[in-house]
Structure formats: C-alpha cells, structure tokens
C-alpha cells in the first residue's frame, strides 16, 4: 500500500511529524489528516518557549487570556490546523534546528547578562525595602489607630462618671477639627520644596468645591449637611457609651463597614460582590445576637440602637461624600474638616447652651467640669481622625482599618478589669461574627482573581517540580552506565 503525500511533500499518516520537522511553513488542511493528534487535544499544553517565540500569535494570546486556557474543542482544532497562524511544528523546528551561537558571542554577552541580572536584583532589593518600609509604617499606624480609638472610648466612659453631658462633649471635641488645615499647612511648609503662602494654598484647596471656590451656597449645600452627620455620628456613639459597655459599643460600630457597602451598592451602583453580602449578613446577625446577649433589657436595647444609628450616620457620611464631592487630596480633606469645625462653632454652639438652661445637660459650676478628660478625649479623637485620613500617605488603607477592629479586644480587656461585664457564649460569638464580617469587607475587589492566580501558580510550580524530579531520576542511571562503559579506542 503506497503512501500518499501532501502537495508540499509531507507524507500522510505517521509521516506528519517528519513533514512538520522538514517544512515549518506547511500546515495540514484537512481534519482527517491529523486524526491521531485530535485525540490528544484534551491534553494539549503550550510550552513556555513556544509562548516566547510566538508572542505575536493570536492563538497564544487566547491561550493566556482564558481562565483555563483553551475554551472549546473548535478553537483547539482551528489552532492545531494553523488557522490562527499558530504552528507548533514550526516552533519546534525553530527551537530544535536553531543554530548555536558561537562561544565568542556567548562570552561577549555574559557580562551584559550579569549586569542585567545585577540591575534586576537591585530593583528587587529596592522594591522589597520599600515594601518593608511601608509595612513598618503600617504597623505603627495600626497601633496608633487602635490606641487612639480605644483610648478615646475609655476616656469618654470615665468622663461621663463626672460630667454627664454627651452632646456638650461632642461639640467640644468637634471644635478641634479647626486645627486640621493649620496642621496640614505646617507639614506642607516642612516637607514641600515649593512652599506656598497660606492664602495661595487655601485658594488651591478651595478648587475642590468647584470653579468658584468656597462660596456661601457651597458652604450650606456641600459642607453643612456633613457637619450635621458628623455631629450625629459622634453624639450617638457617646450617648451609647452611657448605656452599654465599651466592648459592645466598639464592636457594633464596626458594622458601619457593612452599611457603607450596602449604601454604595444601592446609591453609587458599586460592583456587586457575594463575599460582601455575606459580610453584611454576618454584621446583622451579630447585632441581633448582641441584643440577645443581655436578655433584651431596655438599657441594652437602647444602647445597641444608638450604636447602630451612629454606624449608619457614619456610612451615610462616607457615601454622600463620595457621591457629592468625590475623592479629595490631603490638603482638600484637611480644609474640609476644618470647615466642619467652623460650622460646628457657628451653628451648633446654641444647642449645648439650650441643653444647659433646660437642665438636660446641666453642671453646677465650671469648676466641676473635668477639663483634663475633655481635652484628652478631644486630642485622642483628633489624632484618630488625622491618622485615619492621612495615614494612607505612608501605608496601605487596609492596615489602617485593622486598627479599628483591633480596638475591640483592647476594650474587652479593659472592661474585664474595670466593669462587671459578662462574656457569655452569645456575646463572644456575636463579637467573632461581626469581626469576621469586618475582615471580609477588607478584601479587595479582585481577591477572587488573585486567589485563582495564586492557586494556578502553585499548581504549575508543583507540576514542574514533579517533572524535573522524574527527569533527574530518568537521567541518573544512563549517566552512570555511560561512565562505567569501557572505551577500546586508542
């Protein structure tokens, strides 16, 4: 039985490999001509060297872009027949038949390769050093956020034992926001090479509010609502500290992250993420379990409702800021927070006065006011807001958020030794559930893609190690037999 040949001279059947090796520019045109290879398409693997040789090929781009490589049997058939220009036999021909470089050329290129590897190692060293520096600052920021938030909460609890006026304390601490822009400008003068006057810097930061800057209309439409939300958030939080222990208050306030996601999904049309929906469900379940932990007493229910309201106001503040104003630079954020302080001084001052004369928040004399506690609480809250707003300049935002959730165990330890809190099973499970939901909300949007890439990389690396181990075992006996074979040539 004769062997029929292709027009280019390559024989059919078993001679395809020979034809591929001899003529890299010829590819089979009928599926019946490559029927043995079609049965192996299921196990088709693209070698890394082929990808390097054929980066221009559309088929290689499709192979690397898909989640699992080839997506369908039709695409595999089209690629193996050379429809997209992908010819593995041509690549193997080029790779195997490529002439070796002369030793002189290889030796001449060696110093250049060593220099390139040196630059790469230096770049890796620099990157690792920068990441280490950023991580170090991240740890410092986390500790600062945790200490300032837990310290302000505990100090507020101590203040209410002598000075039962949560709204007055809120008003007093919010007035300190006026210091944001002066502190920012002091840092600008110390760090910036191109120093500007206060007036120039102020005008540049006012562009954040629009082309006309900070007008009276902008003040009442874009600043005043946020001043009200800021005051409500802090007042509800401080009022809740009077009703329940600081551990429950701090852990329930962590639910604001879940509320931010839900409002962003509804109002801002943010990307839907299943893991964040699970985190929001965990937060709601933790709130219910925390309410059940004390047996639905009136003080505990009111306190939990106040904290949930504070977390909701905080989430509304963040979502509206992103909706109306967008993202702000450091100077713009400092100016905005200082404007909130000015709004508080001008428009909110009348409320503590009314509460004093109506004896809702009354104190006998100004000498009885614990000014040390009030100033200490204000300084800690100012430090917390400064680190939370400007810490992104030196570290990752996720690390800063960890400081808030780490304040929960700190408050729990303090409450254990200073109050009569009972850590029953329901309360512990509620704390764990809310903390887990908070950590799930810290996952980036592309966490699933990163996880798939990591698992794929580990799987490929394990496979390569297995293949290399098998190759070493296969080559070992042959080398030993070659060394043991005697030579009779003289």
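Using N, Cα and C of the backbone, Cβ positions are placed for all residues, glycine too.
Look at TrEMBL and you will find 22-31 tagged as compositional bias 'Basic and acidic residues'.
Here TrEMBL flags 480-490 as compositional bias 'Basic residues'.
Look at TrEMBL and you will find 137-291 tagged as domain 'EamA'.
The region 'Disordered' annotation in TrEMBL covers 1-31 (among others).
Annotation comment: TrEMBL describes 97-119 (among others) as region 'Disordered'.
Residues annotated as region 'Disordered' in TrEMBL: 467-490 (among others).
The feature transmembrane segment is assigned by TrEMBL to 132-151 (among others). Here the transmembrane segment (132-151) has long-range neighbours at 250, 380-381, 383-384, 387-388, 391, 394-396, 399-400, 402-404, 406-407, 410-411, 414, meaning same-chain residues at least 6 beyond its ends whose C-beta is under 8 angstroms from one of its own.
Long-range neighbours of the transmembrane segment (171-193) within the same chain, counting only residues 6 or more positions beyond its ends whose Cβ lies under 8 Å from a Cβ of the stretch, are 201-202, 205, 230-231, 234, 330-331, 333-335, 337-338, 340-342, 344-345, 348-349, 351-352, 374, 377-379, 381-382, 385-386, 390. Annotation comment: TrEMBL describes 171-193 (among others) as transmembrane segment.
The transmembrane segment annotation in TrEMBL covers 214-237 (among others).
What TrEMBL records for 249-268 (among others) is transmembrane segment.
A Cβ distance under 8 Å defines the sequence-distant neighbours of the transmembrane segment (275-293), meaning residues of its chain 6+ beyond its ends; these are 248, 251-252, 254-255, 257-259, 261-262, 300-301, 304, 308, 424, 426-427, 429-431, 433-434, 436-438, 440-441, 443, 447. Residues annotated as transmembrane segment in TrEMBL: 275-293 (among others).
What TrEMBL records for 299-321 (among others) is transmembrane segment. Residues 225-226, 229-230, 232-234, 236-237, 239-240, 242-244, 248-249, 252-256, 259-260, 262-264, 267-268, 287, 290-291, 293 of the same chain, all 6+ positions outside the transmembrane segment (299-321), place their C-beta atoms under 8 angstroms from a C-beta of that stretch.
Long-range Cβ contacts of the transmembrane segment (333-357) within its own chain (Cβ-Cβ under 8 Å, at least 6 residues beyond either end) map to 165, 167-168, 171, 174-184, 202, 205-206, 208, 214, 219, 223-224, 226-227, 230-231, 325, 363, 385, 389-390. The feature transmembrane segment is assigned by TrEMBL to 333-357 (among others).
Among the features that TrEMBL reports, transmembrane segment is placed at 394-414 (among others).
Feature annotation from TrEMBL assigns transmembrane segment to 420-443 (among others). With a cut-off of 8 Å between Cβ atoms, the residues of this chain six or more beyond the transmembrane segment (420-443) that come close are 245, 247-248, 251-252, 254-255, 257-258, 261, 275-276, 278-283, 285-287, 289-290, 292-293, 398, 401-402, 404-405, 408, 412.
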Tertiary contacts of the transmembrane segment (214-237) (same chain, 6+ residues out, Cβ under 8 Å): 166-167, 170-171, 173-174, 206, 249, 253, 306-307, 309-310, 313-314, 316-317, 320-321, 324-325, 336, 339-340, 343-344, 347-348, 381
